[in-house]
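So that you can see what the record holds, here are the features copied from TrEMBL:
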type    : residues                                         : note
DOMAIN  : A:33-147                                         : domain 'PurM-like N-terminal'
BINDING : A:Asp35, A:Asp81, A:Asp230                       : Mg(2+) 3 binding site
BINDING : A:Asp35, A:Asp81                                 : Mg(2+) 4 binding site
BINDING : A:Asp52, A:Asp129                                : Mg(2+) 1 binding site
BINDING : A:Asp52, A:Asp81                                 : Mg(2+) 2 binding site
BINDING : A:His59, A:Glu283, A:Tyr340                      : substrate binding site
BINDING : A:Tyr111, A:Gly128, A:Asp129, A:Arg155, A:Ser232 : ATP binding site
DOMAIN  : A:159-321                                        : domain 'PurM-like C-terminal'
BINDING : A:Asp233                                         : Mg(2+) 5 binding site
Protein chains: 2
Amino acid sequence: MDLKDEFALIDLLTCGGQSTHWQRERGVGVGIGDDAAVAGISPGCSLVMACDTMTQHVHFASWSMRDEDIGFKAMASNISDMAAMGAVPRYALIALSVPKGTDEARLQRIYAGMYECASAYEVAIVGGDTTASISGIVITVTILGEVEAGRALLRSHAKTGDAVFVTGALGGSAAGLALLEHAQRSGAAAEAAIQAPLLQALALAHQRPAPQVAAGRLLLRTGLGRALNDISDGIASEAAEIAEASRVGLAIEEARLPRPAGLDAAAQLLDTPPLEWMLYGGEDYQLLGTVAKEHVHELEAAFEEHGLKLYVIGYATDDFSGVRLLRADGTVEPLAKRGYNHFATKD
Amino acid sequence: MDLKDEFALIDLLTCGGQSTHWQRERGVGVGIGDDAAVAGISPGCSLVMACDTMTQHVHFASWSMRDEDIGFKAMASNISDMAAMGAVPRYALIALSVPKGTDEARLQRIYAGMYECASAYEVAIVGGDTTASISGIVITVTILGEVEAGRALLRSHAKTGDAVFVTGALGGSAAGLALLEHAQRSGAAAEAAIQAPLLQALALAHQRPAPQVAAGRLLLRTGLGRALNDISDGIASEAAEIAEASRVGLAIEEARLPRPAGLDAAAQLLDTPPLEWMLYGGEDYQLLGTVAKEHVHELEAAFEEHGLKLYVIGYATDDFSGVRLLRADGTVEPLAKRGYNHFATKD
C-alpha cells in the first residue's frame, strides 16, 4: 500500500480504540504516531517481552473464528505469556500484514477484538506496523510487561516432590475447534447440533480464551508458585518443557485432569477420545505449574479467596525423567512431547 | 510445522548467535526458551518500543538482497527507530513466518544477518515466534530500547526558526535498488556495469543501511536536538510528518541536500532525475531533525568531534504549513507527502 493509504488505514484502525487519557493513566508517554512509543516501567521491575504470530489458513479461518475473535485471540495468547511469567502485561505492538484489497471493515473488526481484549487486561496498544502481504492475513502481537526484578516464574523452577497444578479445564479449545470443523464439513444439521449451549461454550474456549493473569500474579505475590508455563501447545508438551528445564520427571494423573462441561458430549458426537484433546489440544491458555507439597493447602486457600481455580493433577519426581501419565486403569504411559495438528480443513 | 520441528528450528537458528554470557552482560535475565524474556531497563529510563515488518516480494526479493542482507536490514530498520527517538536500542524479538519446505540454510543465513546487525549495535535477541506462512517469508522485528525519562526526541518538537538537518546522504538506497532492478531486468551486461565500486556502494546502501544511533544519542545528550525522525519513507514524507506534528512549515533547500557518491552516474545510467531518489526514495535510515538556529555551530562541532556528519538543509518557519522545496533555480515547490514505489519487478 502507498504511504497515504497506510497512514489513513492506521487512523481508521486505531481511532477510538483507547483514548490518550486512558493510555496516559497506564504509563504511556508517547503512543501511536512517532517512530517509536515511549512508556514507563515501575521502579524495581524488569521488562518482560514476548511475541506471537497468528496466520490465516494456519491459525484461523473464516469458519473457525469471527474477525473480532481473531483479534481478541491474537492479543489473549500474548497476554497469556505474561501470565506464565507471573508478570503484569502493560503494552502491546501490532504488526499486521494484509493482502492488497482486503476489506477495511474486516481489519476494523480484527482491531476491535484486539482492543477489547487489551483493554480488559489494562494493556495499552502503543504502536505497530501495517504492511502488504502476498497471501493471507498475518498478525504478530508483541507484548511488554513487567515483573518484580528476579522474581519471574520460570519453567526451570520445579523441584522434586512439588505438586503439579493447572488453573482450569483442559481440552476445551481443541474440542471447540473440532466441533467448528465438523460443522463446516457436515453442513447445516451439524451446525444446528453445536448450537447447544455446552458445545457453544467449547467453541468459545477456542475463540475467546481467557489468559490467567490474576492467577499468575497470585502465584508470584504469595511466593508459593515455582515453575510456571501457559498451555499454548497442550499440557503434554508444556509439562515436558517444565520437566526438561527443571531436570525432574512429572507424573500426571488422568483422573485428576479437570475437563470442561460438554467435553464428553463433544467426544461422543465426534467419536474422539477426549484425552487426546486434553493432553495435546493446546490453546487452553490455562497455567501449568508446580508448588512445594507443603504449601498446596495455603495456595488453594489463596486461590479460593480470590475466586480463582486450582487443580492439583500430579507431582514432580526424580524417579524418572520426562512426563508420565498415570492412567485411570492403573497403567503408566510416557507422554510424547507433541502438539495437536490444529488444522485439517482449509479456509 | 509441528512442535518438534519448531523447537529444533529455533535451536538451529539461534544457537551460537549470541552467548548467554554476552546477553547477560547486556541486561538479559531470561533469554530465548521460556514463555517470555526478562531483562533490565536502566533506572530513570523509559521503555521505547517499535516494530517493523519485511515481506518477501514486497520489501525484498532474491535479486535485490542476499539472505544475510534481508536479516541485517530487518534488524537495522528497527534499530533506526530507536535512533530516531534518541534512544539506546537494547533487546529484539523476531517473528518469522515461512512457507513449509523453506530451506533451513536460507533461514540460517537470514538469522546470521540479524545477529550480525544486532550484535554490532549491542542489541540482544531475546525471543520470538516461528510459524508457517502460506506464501512468502514475513519477518517482524520488535525492538525495545530505553531513553532518559521525558527526554525522547519527538517529531512534534520543531520550532519556528529552527535549522533543519540530516545526518547523511540521501537517495542512495533508492538508487541502489533501481540499479539492482536494472541489472535483474537487463541481464549480464547491466550487471557488469553496476560492478563499478561507486554503484556497488549504492546497492550496499539499499542492502546494509547503517542506523544512526550514535547521532541520535548525541542529539539527546547535548540537549541540542529538537524534532527527530528517521528516513524510512523518504525525506519528503518524513519532513511532512515533522511539519504536521510540530505545526510549522519546513523549507528544504535543494542545493544543500547531501548526495552519495555515484548518484549522478546512476541517474545518468538509468535516465532518472536523482532528486526523485533523494526526496522520495526512503530507506536511507539517516536522521532528519531540527536544532535551534543559535545552536547549529555548537551541534556541528559536537558531531565533528564524534566523527559524525551533519548537514543543515533548511529551516522551520511559520510563513506556510507543510514542506516546500527551494529549487536550485530559485523556484519554490510544495512537496507531496508521498513515498517511492519501491518494487516494480517481482521476484
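Each residue's number is its place along the chain shown, starting with 1.
Note: Cβ is positioned from N, Cα and C throughout, glycine not excepted.
A quick note: this is a predicted structure, and the numbers were derived from the prediction, not measured.
When the Cα of A:Asp230 (Mg(2+) 3 binding site) is compared against those of the binding-site residues A:Asp52, A:His59, A:Gly128, A:Asp129, the shortest separation belongs to A:Asp52. Comparing C-alpha positions, A:His59 (substrate binding site) sits nearest to A:Asp52 among the binding-site residues A:Asp35, A:Asp52, A:Tyr111, A:Asp129. Contact with chain B, taken as any Cβ pair under 8 Å, is found for the binding-site residues A:Asp35 out of A:Asp35, A:Tyr111, A:Glu283.
In space, A:Asp233 is the closest of the binding-site residues A:Asp52, A:Asp81, A:Tyr111, A:Asp233 to A:Glu283 (substrate binding site), judged by Cα positions. Of all the binding-site residues in the record (A:Asp35, A:Asp52, A:Asp81, A:Asp233), the one with the smallest CA separation from A:Gly128 (ATP binding site) is A:Asp35. Of all the binding-site residues listed (A:Asp35, A:Asp81, A:Asp129), A:Asp129 has the fewest other CB atoms within 10 A of its CB. The separation of A:Asp81 (Mg(2+) 3 binding site) from A:Tyr111 (ATP binding site), Cα to Cα, is 20 Å.
DSSP assigns A:Asp81 (Mg(2+) 3 binding site) to a helix.
Taking CA atoms as the reference points, A:Asp129 (Mg(2+) 1 binding site) and A:Arg155 (ATP binding site) are 32 Å apart. Here the CA atom of A:Asp233 (Mg(2+) 5 binding site) lies 35 Å from the CA atom of A:Asp35 (Mg(2+) 3 binding site).
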